[in-house]
Amino acid sequence: MCGILAILNSLEEASKLRKKALSLSSRLRHRGPDWNGIYQSSDSILTHERLAIVGLENGAQPLLNEDETIALTVNGEIYNHEKLREDLVATGKHTFKTHSDCEPILHLYEDKGDDFVHMLDGDFAFVVYNKKANSFLAARDPIGVVPLYIGWHKDGSIWFSSEMKAIKDDCYKFQPFPPGHYFSSKTKEFVRYYKPNWIMGDSPSGVLKSEEQVLPAIKEAFEQAVVSRMMSDVPYGVLLSGGLDSSLVASIVSRHAEQRVEDHEKSRAWWPRIHSFCIGLKDAPDLKAARDVADYLQTVHHEYHFTVQEGIDALPDVIKHLETYDVTTIRASTPMYFLSRKIKAMGVKMVLSGEGSDEIFGGYLYFHNAPDANEFHVECCRRIKALHSFDCLRANKSTAAWGVEVRVPFLDQRFLDVAMNIDPSHKVCHDDQGKKRMEKYILRKAFETKEGEKPYLPSSVLWRQKEQFSDGVGYSWIDGLKENAENEVSDEEFAKRESYFPDDTPTTKEAFLYRKMFEAIYPGKECMETVQRWIPTWGASQDPSGRAQKVHLSTTE
């Protein structure tokens, strides 16, 4: 991942604007420690903090078109860049200057104006600026895998940034940029370009009704999603918790790792053995499960430990990077923050991870309490649309804190087209006769193999019950966080919580403590309003941990 900042149509004197932009951009340098670049016109400026993954030698940004009248700053990856490049070259109108996967955006903008973002298959946030027309376009990927914020300055300028910290002090108003939208200077409005039926509030089309249709469709689409995200010119690995989602990702990567996906597996990969990474408290449930999967897949496995006290000590830094006070997100992000530091120290810049599956397939244990298939589907849609505030935010900012990029194949557009058009009855946690079955049954079933075929995963892993990441790294982690909050927040202080925080008042001491830490770095209502809180729709709402759900207790007693 990279860090981008854009200030457009500013009234600030040019030299002062440049100094300010460079200073603010440095707040994003953790996201892109490899190089930084800047483009400036008379009243607008684009900056870029680069993490080089593809096109290492000549992919520095901002990128410019042939006559240098259009500039582009991008954070993300475009997975269909080869096809886009091929089609653009075939028109005879464009000359590519770099091997960057993002350069097609420039030329699509030249050809199609604002109406091209739907053609991109990838995870991205970008701003493209047209010097001749003094116009711009900003956009964010369909689900919000990559962060982007928009702000408004009192002089009328509009600002964009990968993280809130670069714009919070200068903009009187700012907010997360909505996923699946673009914003054009021509209309100064958000326009939704990503409009599948499920995200627009419609029921699933029900195209895939029988298991005979569903199972191969899931398997094929997901395998393609993983392979496309193996595109890299640097060492990469997989985050492996030992749960279903990360294990499936690791299994598919291991099947394709020996050949370079960049040339469609025509040549041997120079990093053929996959490195897998796991973290937890000693004796945590995830550690043994991850070791078992790594042994089965023959990955080069790296296991790291942390203590509860180390996690508590890191909380202010974690909250600074995450820009949230949501309890669930902070609990899960702290181990990931530690792990990303270890990964970067090994020289690895990119990892694949399993975020998104629980939202798509109803994998959280509270989904066992869904009243019917329709409500189950509605909740899946709601969770996916909120991912940019929770798991996507956690995965991106925890890793980007140390200059590591995370890729999430479950949120591939083509895979979503399949998974969200399955008849919801295949996803619910009981069969047609009302008999209970494990969460994400249909995904697990899709990766079962026939006799004589090499299994993707051992049965013990394929059918292992869900552990929320913050639970799986060690049950005493959450208990330690609660105990710490009890010690840090007095009963008297907590009793006055409404006077401290009249808006979105914390309901637990742990939430109160994180809110205090957040407000110390990001004060004011504008910052607070960028945050959402993760609360289960059914079941225990005061404690979002998976352990608080009765179905978890019934399987562990």
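Keep in mind that glycine also has a Cβ here, set from the backbone N, Cα and C atoms.
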Would you please say which range out of 18-37, 538-557 has the annotation region 'Disordered' in Swiss-Prot?
538-557
Among D67, D87, D101 - the residue Swiss-Prot places in the same L-glutamine site as R50, L51, A52, I53, V54, N75, G76, E77:
D101
Of I167, I279, I312, I422, residue recorded by Swiss-Prot at the ATP site of L239, S353, G354:
I279
So among I279, S353, G354, all listed as binding-site residues, which is physically nearest to R50 (L-glutamine binding site)? Use the C-alpha atoms.
S353
Could you give the maximum C-alpha to C-alpha distance in Å for the residues R50, L51, A52, I53, V54, N75, G76, E77, D101 that bind L-glutamine per the record?
14
Per-residue pLDDT averaged over the domain 'Asparagine synthetase' (217-466), given as an integer:
93
Which of the binding-site residues A52, V54, D101, G354 has its Cα closest in space to the Cα of C2 (active site, for GATase activity)?
A52
Just give me the nearest neighbour of I279 (ATP binding site) among the recorded positions A52, V54, G76, D101, E355, Cα to Cα.
E355
Neighbourhood of the L-glutamine site (R50, L51, A52, I53, V54, N75, G76, E77, D101): other residues with Cβ within 8 Å of the Cβ centroid, in order?
M1, C2, G59, V74, S100, C102, E405
Are there residues of the same chain, six or more positions away from A52 (L-glutamine binding site), whose CB falls under 8 angstroms from its CB, and which are they?
D34, W35, G59, D233, V234, K349
How many whole Å apart are the CA atoms of E355 (site 'Important for beta-aspartyl-AMP intermediate formation') and L239 (ATP binding site)?
10
